[in-house]
Amino acid sequence: MPIRNIAVGTPQEATHPDTLKAGLAEFISTFIFVFAGSGSGIAYNKLTNDGAATPAGLISASIAHAFALFVAVSVGANISGGHVNPAVTFGAFVGGNITLLRGIVYIIAQLLGSIVASALLVFVTASSVPAFGLSEGVGVGPALVLEIVMTFGLVYTVYATAVDPKKGNIGIIAPIAIGFIVGANILVGGAFTGASMNPAVSFGPAVVSWSWSNHWVYWAGPLIGGGIAGLVYEVLFINSTHEQLPTTDY
């Protein structure tokens with residue numbers, strides 16, 4: 001069971017140069033992701049003179065976030081694992097794949113990366129960074145469930161393509177698959193919650209714009225979804241014994 005593998009870690013681990021380097025990698029990767037993702041939204045609003053939301057805007061957000069996450073995960077993969085997301089880090093912790101203290105270093109770095117990216121966007125664009133919020137008519141309950149489900153799909157994909165020791169050559173496409181699932185989920189949930197799936201992505205714009213309406217949804221949903229995905233995949237597909245089905249010649 002993964003619960004046996006969950007570890008707090010030691011202060012020495014949290015301050016070890018390798019951990020600090022990994023934290024810096026998470027900071028840079030999250031900075032890249034938020035700057036490109038949120039920046040694309042600001043650019044679209046400028047081109048449309050802050051017009052009403054349109055399907056084209058949703059598609060552009062989906063593509064921008066998918067591409068940016070593909071790059072962000074790729075550049076951090078060999079150093080920190082390329083989490084770029086507190087929900088991914090929490091899912092890895094629940095599955096016993098990262099210690100609590102190392103995970104805290106990651107999450108702090110991710111949050112700082114998002115804040116710096118958001119603040120820099122305000123400076124270079126002279127525009128506000130849109131904070132995540134629920135669309136009109138969307139209740140807190142459905143929004144929470146939507147964020148849980150979308151993040152479950154994201155972290156499950158991370159486990160299947162990047163964490164599973166049996167992944168084999170599929171690990172090569174992990175950053176692409178992770179970017180694709182985020183892009184697809186934005187097409188699903190973007191019109192309702194903004195499709196965060198990532199507390200860091202929501203946190204930076206909230207700090208810079210100082211807008212906290214229903215902000216807890218963007219923490220609770222992703223952390224619950226990520227934790228469930230990590231637990232399910234670790235218990236059912238990594239720690240359980242599995243024998244390949246016999247092949248039959250016809």
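For all residues, glycine too, the Cβ spot is worked out from N, Cα and C.
The model shown is predicted, which means the values in this text are computed figures rather than measured ones.
Here Swiss-Prot flags 22-42, 56-76, 104-124, 138-158, 170-190, 218-238 as transmembrane segment, drawing on sequence analysis.
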Selection from 22-42, 56-76, 104-124, 138-158, 170-190, the stretch that has most Cβ pairs under 8 A to the transmembrane segment (218-238): 138-158
Folded-back contacts onto the transmembrane segment (170-190), same chain, C-beta under 8 angstroms, at least six residues removed: 58-59, 61-63, 65-71, 73-74, 77, 82, 146-147, 150, 153-154, 157-158, 160-162, 197
Residues from the same chain, set at least six apart from the ends of the transmembrane segment (104-124), whose C-beta lies under 8 A from its own: 14, 19-20, 22-24, 26-35, 38-39, 42, 80, 83-86, 89-90, 98, 199-201, 203-205, 207-208
